[in-house]
């Protein structure tokens with residue numbers, strides 16, 4: 001820790017010397033802001049302090065350094081994007097609380113089947129879909145035990161068929177085996193050795209590894225599809241709103257979904273093919289369950305899923321109510337201000353410019369408040385068991401006690417710290433300085449620029465939090481785009497998505513750590529599978545940013561709203577068309 005403090009102080013001195021030579025106080029502010037960013041980057045990468053605590057440093061540093069007033073900094077910590085995050089999480093917590101996500105997962109697995117290749121595909125589709133709406137960590141924590149239970153049943157069935165024995169019903173929660181004991185004449189008790197489980201074959205071990213990795217990888221991939229699916233997406237929206245306040249809400253739920261959902265589908269299918277080849281081999285006939293004795297194994301594994309589904313019982317009133325509210329939320333998000341037709345926000349709640357005054361955060365908070373109002377049982381009054389003679393109303397779908405237990409409040413501060421850094425870079429002039437230094441990049445073709453930046457971000461996010469990665473990189477990328485007259489979203493969108501490509505290391509993201517903790521995987525297994533998947537992800541994102549994202553965001557022109565913080569592009573007519581990247 002002492003070495004880190006000395007390194008940070010030396011960095012501040014060198015930055016001050018570098019910036020203070022030409023223009024006095026103005027350059028001093030740029031140096032101070034650069035020092036604050038480097039300090040926070042070091043703390044975020046090393047986790048010397050909790051991430052959320054590090055995110056509070058701008059409240060202290062920026063006022064004392066003369067960059068921004070404390071009142072200006074504090075406003076950044078509860079922007080509309082934070083409200084959207086809170087509202088989306090409240091809905092996700094309700095879905096988890098009533099086990100609706102587990103019902104969806106088991107139902108889809110029953111439909112798809114349990115042949116090896118299809119089983120991996122089924123788990124990937126279910127995990128990716130759930131991760132679009134709820135935390136990828138919670139999704140992984142739920143799906144991994146189900147996956148291992150099905151695999152255990154498949155392996156037990158195969159061993160029993162080979163040995164001619166019976167196959168007992170397997171349950172997700174197994175009781176610990178009881179030890180048999182032998183009592184000697186002198187009273188000493190000697191425990192008998194536990195019955196050894198049959199050793200898994202190399203084929204079974206590889207199938208287990210592939211199944212484990214498919215869950216954590218699809219959780220990360222699924223989160224990129226929606227604006228609320230993972231925190232870096234919200235960081236992007238907040239940074240765009242902060243750095244370009246004149247933009248016409250260009251990044252909203254509908255526009256992001258149109259860009260990210262096809263990308264997620266392509267990447268998910270390619271990941272499925274890669275994992276199938278890596279862990280199941282090229283025998284596709286066997287992978288799809290057309291070999292001998294596969295039917296009995298398929299039925300045995302399917303029985304595990306059916307048993308777990310039956311344990312959930314019939315769909316309750318609470319689950320039905322949550323489903324209706326959840327579908328309503330998604331529909332309202334898509335139709336508020338989609339861009340390609342007039343949404344309800346433009347019609348009923350328009351401002352002077354015809355833009356919707358209600359935001360995606362407004363919708364999320366509205367639906368989440370209904371969760372606190374709608375009862376969890378069919379409305380009616382029943383006797384209160386604790387107070388005889390008094391009536392008691394059924395509890396609501398969501399209670400504040402549940403929220404307090406499950407809400408990750410630290411992410412709210414982490415988001416706010418990122419927005420404060422972006423605003424401080426703008427106020428201090430650091431963004432303009434960085435843009436000036438990056439002007440030589442205008443000689444590099446835009447697709448090559450985007451590809452190199454995506455690789456850099458994907459590499460960095462393996463060692464640092466994806467939220468910290470996007471928080472540090474996005475303001476710099478925005479300045480670079482303004483300096484070379486490139487649409488800011490052309491580099492900000494793919495780099496934000498690349499921050500979710502953390503596939504190589506167990507510490508890169510919580511889903512990887514959860515899967516690794518279950519055992520059966522080595523770091524080399526994850527690194528080998530994740531390395532090529534990172535390359536595939538960057539290539540797919542590069543394809544997306546150079547094809548269907550161009551009409552969605554108008555990436556072939558430099559937008560007028562990006563002129564607010566730059567002067568280099570004023571020589572270019574506002575509506576001139578750039579060469580299509």
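Yeah, the Cβs are placed from backbone N, Cα and C, and that goes for glycine too.
Per TrEMBL, the feature transmembrane segment maps to 33-62 (among others).
Annotation source TrEMBL lists transmembrane segment at 112-134 (among others). Non-local neighbours of the transmembrane segment (112-134) in the same chain are 91-92, 95-96, 101, 104-105, 140, 142-143, 147, 150, 154, 207, 210-211, 214-215, 217-223, 225-226, 228-230, 264, 268, 271-272, 275-276, 280, 284, 286-289, 294, 298, 301-302, 305, 326; each lies 6+ residues outside the stretch with a CB under 8 Å from one of its CB atoms.
Under the heading transmembrane segment, TrEMBL lists 253-275 (among others).
The transmembrane segment feature in TrEMBL is assigned to 472-493 (among others). Panel annotation: around the transmembrane segment (472-493), residues 37, 40-41, 44, 235-236, 239-240, 243-244, 250-251, 259, 421-422, 425-426, 431-432, 434-436, 438-439, 441-442, 446, 449-450, 453, 457, 460, 499, 545, 549, 553-559, 562, 565-566, 568-569, 572, 578, 581 of the same chain, lying at least six beyond its termini, place a Cβ under 8 Å from a Cβ of the stretch.
The feature transmembrane segment is assigned by TrEMBL to 499-519 (among others).
Annotation source TrEMBL lists transmembrane segment at 531-553 (among others).
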Residue numbers, six or more beyond the limits of the transmembrane segment (499-519), whose CB comes under 8 Å of its CB atoms: 136-137, 139-141, 144, 148, 212-213, 215-217, 219-221, 223-224, 230, 232, 457-458, 461-463, 466, 469-470, 473, 526-527, 529-531, 533-534, 537-538
